[in-house]
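Q: Pulled from Swiss-Prot, these are the listed features:
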BINDING   Asp8, Tyr83  trans-zeatin 1 binding site
BINDING   Pro32, Val35, Ile38  Ca(2+) binding site
BINDING   Glu60  trans-zeatin 2 binding site
BINDING   His69, Tyr81  trans-zeatin 3 binding site
Amino acid sequence: MGVFTFEDESTSTIAPARLYKALVKDADAIIPKAVEAIQSIETVEGNGGPGTIKKLTLIEGGETKYVLHKIEAVDEANLGYNYSIVGGVGLPDTIEKISFETKLVEGANGGSIGKVTIKIETKGDAQPNEEEGKAAKARGDAFFKAIENYLSAHPEYN
């Protein structure tokens with residue numbers, strides 16, 4: 001098994017606390033409204049804290065698919081949220097687990113900087129596929145931008 005680590009940042013015009021609330025605390029309701037491909041989010045196991053497993057149902061290429069998302073840690077005080085993809089279409093056959101350590105910090109002009117560390121644990125001697133990595137980054141960037149756009153269009157959301 002190999003572990004490969006990547007880091008990325010995204011900027012937003014939305015304040016960190018408001019963005020965190022939408023991405024973490026109210027995610028089950030906000031994300032399906034903001035991200036066209038995601039149809040629903042349901043808790044499969046747990047109470048919303050660490051260890052909780054959520055099923056995200058999405059439409060991709062005209063097909064209904066799902067991703068299993070396990071919450072690893074929630075740090076409201078520091079606007080941190082760690083989770084892993086543990087099953088479904090988000091997990092290629094060569095990958096054991098993909099973990100995300102995320103944190104929001106103050107950005108310019110009252111906005112945010114979203115920082116993420118991605119750890120890919122492969123099965124056996126498998127190497128991460130560069131194209132899969134680029135596609136995953138593009139999906140992550142689009143997801144972050146969709147939430148930002150939703151919040152910009154809904155200033156009443158606090």
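Keep in mind that glycine also has a Cβ here, set from the backbone N, Cα and C atoms.
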Q: Measuring Cα to Cα, tell me the gap between Pro32 (Ca(2+) binding site) and His69 (trans-zeatin 3 binding site) in whole angstrom.
A: 15
Q: Filter the binding-site residues Asp8, Val35, Ile38, Glu60 down to those whose C-alpha lies within 10 angstroms of the C-alpha of His69 (trans-zeatin 3 binding site); answer none if the list is empty.
A: none
Q: List, in sequence order, the residues of the same chain other than Pro32, Val35, Ile38 whose Cβ lies within 8 Å of the centroid of the Cβ atoms of the recorded Ca(2+) site.
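A: Output for this site, in sequence order: Ile31, Lys33, Ala34, Glu36, Ala37, Gln39, Ser40, Ile41, Leu56, Leu58, Ala146.
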Q: Far apart in sequence but close in space: which same-chain residues, 6 or more away, have a Cβ under 8 Å from Ile38 (Ca(2+) binding site)?
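A: Spatial neighbours, sequence-distant, of Ile38 (Ca(2+) binding site): Ile31, Pro32, Leu56, Thr57, Leu58.
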Q: Tally every other Cβ atom lying within 10 Å of the Cβ atom of Pro32 (Ca(2+) binding site).
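A: Cβ-Cβ neighbours of Pro32 (Ca(2+) binding site) within 10 Å number 17.
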Q: Cα-Cα separation of Tyr83 (trans-zeatin 1 binding site) and Val35 (Ca(2+) binding site), in Å?
A: 19
Q: Quick one: pull the CA-CA distance for Val35 (Ca(2+) binding site) versus Tyr81 (trans-zeatin 3 binding site), whole Å only.
A: 19
Q: Which of Asp8, Glu60 has the fewest nearby Cβ atoms, counting only those within 10 Å, among these binding-site residues?
A: Glu60
Q: For Tyr83 (trans-zeatin 1 binding site), what is the secondary structure state per DSSP, taken as helix, strand or coil?
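A: Tyr83 (trans-zeatin 1 binding site) sits in a strand per DSSP.
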